[in-house]
Amino acid sequence: MSFPSHPSEQNNQADRNLALELVRVTEAAAIAGGHWVGAGDKNAADGAAVDAMRTMLSTVQFNGTVVIGEGEKDEAPMLYNGEKLGDGEGPALDVAVDPIDGTRLTALGMNNALSVIAMADGGSMFDPSAVFYMEKIVTGPDAADLVDLRLPVKQNLHLVAKAKRKKVNQLTVCILDRPRHARLVEEVRATGARTRMIMDGDVAGAIAACRENTGVDVMLGIGGTPEGIVSACAIKATGGVIQGRLAPVDDEEKQKAIDAGLDLDAVLTTDELVTSDNCFFAATGLTDGDLLRGVRYSGSRIHTQSIVMRSRSGTVRMVEAEHLASKWERYER
Ligand code: VTB
Ligand code: MG
Ligand code: MG
């Protein structure tokens, strides 16, 4: 990886860490959506998060086009694909948003819901529109160069354990709790590793698998393709890996993929899911999770916790923020 020269030696525009501005965007979405935590209405939560995200995005100087506006799959209100964002200044950027990954978690008041946005050079994000689902393996830097989605689960877990100097039974594997994963869960448990079943939110799961001290070592299973690309943007800054293989649900989707020129057997690497090494990523917790604490509303203040990453520099920052509640009243329920 080539490391940038000191910012003072560069064109400052190119070296700007846009992610530090994007964190305001995910904070806004989390604060707005967060009012709906535990209120039993996932669309209202998503709607509030989308609205706040859009409003705050209009304050950021950049030239973006939404290539992943996750709403389609969940029939949620969205920042739609092809929508232009920012004031149009500077080089073109692809934008991937998920104002809430985990709307159901939010509605139920369960762990691991977050608001997320990622940006990368224009044209560098994989187009997820042909196939909704993707089989994934994600792990952190220790075993990033060792795992391979084509290997049996057992072998991958042994490779991770060895690289992390752990016993296999000390590994925790994050898996979306879905009937389609029944066999995978059995395979994982047969190795002695633990499973951490999550109801939704495999973006949080993927990032947790790449970070130290989150209690998650690996993420496996089939989740959303858009979430895979969003995760890849973050994973690049951690030195971890995501590998994905498209998982069409039926013949119709299979044909759509083939027509789009996609190879359904291919294992897509982190660098194929997002080819640019210039990725910006920000996420803010809505509810508590392995990665982030959720929004806290306490009297006159609102507290948020976010993670901000940039792949070119490999920086990962945790941002704790306090917001004046009176400024956010319009999003109250
Ligand atoms: C995952 C998860 C999301 O979709 O990608 C999942 O991260 C996969 O789809 O939070 P299914 O729910 O259909 O299995 C979500 O649950 C919702 O976007
Ligand atoms: Mg999602
Ligand atoms: Mg969503």
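Just so it is clear, glycine is given a Cβ too, placed from its N, Cα and C backbone atoms.
Here the structure is a predicted model, which means the values were calculated and not measured.
Quick look at what TrEMBL annotates:
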BINDING   Asp46, Glu70  Mn(2+) 1 binding site
BINDING   Asp98, Asp101, Glu227  Mn(2+) 2 binding site
BINDING   Asp101, Gly102, Thr103, Tyr133, Arg178, Pro179, Arg180, Asp200, Gly201, Asp202, Gly224  substrate binding site
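Structure with TrEMBL features highlighted.
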residue: Arg178; record: substrate binding site; contacts (Cβ under 8 Å, 6+ apart): Gly221, Ile222
residue: Arg180; record: substrate binding site; contacts (Cβ under 8 Å, 6+ apart): Gly221, Ile222
residue: Gly201; record: substrate binding site; contacts (Cβ under 8 Å, 6+ apart): Asp101, Gly102, Leu105, Asn112, Ala113, Leu114, Gly289
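Here the binding residues for substrate are Asp101, Gly102, Thr103, Tyr133, Arg178, Pro179, Arg180, Asp200, Gly201, Asp202, Gly224. Their largest Cα to Cα distance works out to 21 Å. Only Asp98, Asp101 of the binding-site residues listed as Asp98, Asp101, Arg178, Gly201, Glu227 bring a Cβ under 6 Å of any atom of ligand 3; the order follows the sequence.
Looking only at the binding-site residues Asp98, Thr103, Gly224, Glu227, the one with its C-alpha closest to Asp46 (Mn(2+) 1 binding site) is Thr103. Selection of the binding-site residues Asp101, Thr103, Arg178, Gly201, Gly224, Glu227 by a Cβ distance under 6 Å from ligand 1 yields, in sequence order, Asp101, Arg178, Gly201, Gly224, Glu227. In the vicinity of ligand 2, defined as a Cβ distance under 6 Å, the following of the binding-site residues Asp46, Asp98, Asp101, Thr103, Arg178, Gly201 are placed: Asp98, Asp101.
The 10 Å shell around the Cβ of Asp98 (Mn(2+) 2 binding site) contains 32 further Cβ atoms across the protein chains shown.
Each of the binding-site residues Asp46, Asp101 was scored by the number of other CB atoms within 10 A of its CB, and the lowest score belongs to Asp46.
For the binding-site residues given as Thr103, Gly224, Glu227, the lowest number of other CB atoms within 10 Å of the residue's CB is seen at Gly224. Here Asp98 (Mn(2+) 2 binding site) is positioned 11 angstrom away from Gly224 (substrate binding site), judged by their C-alpha atoms.
The secondary structure of Thr103 (substrate binding site), as reduced to three states from DSSP, is helical.
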